[in-house]
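According to TrEMBL, the transmembrane segment annotation covers 6-23, 51-71, 91-112, 124-142, 154-173, 258-280.
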Amino acid sequence: MGNFKGHALPGSFFLLFGLWWSVKYPLKYVCRKNKNACYLGTRAGFQRLELIEGIIKAVFALIGMIAEQFVPDGPHLKLYNYEENHWDHLMNWQHATMYLFYCISGLVDIVAHGTNALPVAMDRMMLSLAVFVEGFLFYYHIHGRAMLDLHVHQLLLVAIFGAAICIFLEVFFRGSIVLEMFRTSLCILQGSWFWQTTKWLCIWSLLIPYKLDYCRIIQAGTEFVCMRKEGATKIGFVLYPPNGSPEWNQMDHNNMMFLTMCYCWHYAFAFLILAVNYTIVSWRVCSKIKQAQSVEMGLLKTAERDQESEDEI
């Protein structure tokens, strides 16, 4: 997760599930009120969806674990470097641990909805634990970073721990459309913020050993330059597009204020997605109900005419 792909992968993971949930839960809610409108209104239909969702979750998490371990600069399952006497790529190990719990959550979904071996509520309990572990690891993942970088990650923690609490409440209030939509909004927020950080953040893990006096971004390129009293040292690269990006002062409080405001915009955008998808799903289901009612009325009128013809004969 210390590079563009490392932020884009979990960002895509959360965005995909958030967008899917923004369609699934409104559909479930509307179909629950109109059980004859669609097949998904049945218990078997939603169990099948939960099973497929668990498989996708487990596969995504497994891909994340493999990517964190076997990237060219990854640990390759090596936890401790005995030659140099230090831990080996603990950042990758932390990310792999996060993916591990999401993989376990996916496996629990498969067992809970594919068999009768586990209570159905275990899927929410395990997902809540997976999200909590993600936040727990992130909390101890951001120490020693520059102020702006620290703030960006702290904002992400708000969405993570908020989602963990929401999902835990779903264990006891399963099927609550309010909790489901709240969880969906936080998932979309988390995914979009991960993608935002791919544009803003640098490889800060290399910065921790140094005491930096000033940091800046080179607009024209993709290098990150740290200015210290001893001089300028190239220590990594910035996760920016090749066409360059604006300069960020990591110690400017105004930048923190802007990012906080931008975070709220991201959440507003998540609510907009929920509103649009809910409207589309409701309109589609209502249209289907009206079509079904029209067909039923037509068949009823035809049957009445046939009955009248038989009576006349």
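Backbone N, Cα and C atoms are what each Cβ position is placed from, and that goes for glycine too.
A TrEMBL annotation is a machine prediction, not a hand-curated record.
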Exercise. So which of 51-71, 124-142, 154-173 has the most C-beta pairs under 8 Å when paired with the transmembrane segment (258-280)?
Worked result: 154-173
For this session: Count the Cβ pairs between the transmembrane segment (124-142) and the transmembrane segment (154-173) that lie under 8 angstroms and are 6 or more residues apart in sequence, then report whether there are at least 3.
Result: yes
For this session: Take the transmembrane segment (154-173) and find every residue of the same chain, 6 or more past its ends, with a Cβ under 8 Å from one of its Cβ atoms.
Result: 121, 124-125, 127-128, 131-132, 134-135, 138-139, 142, 179-180, 182-183, 186-187, 189-190, 193-194, 197, 259-260, 263
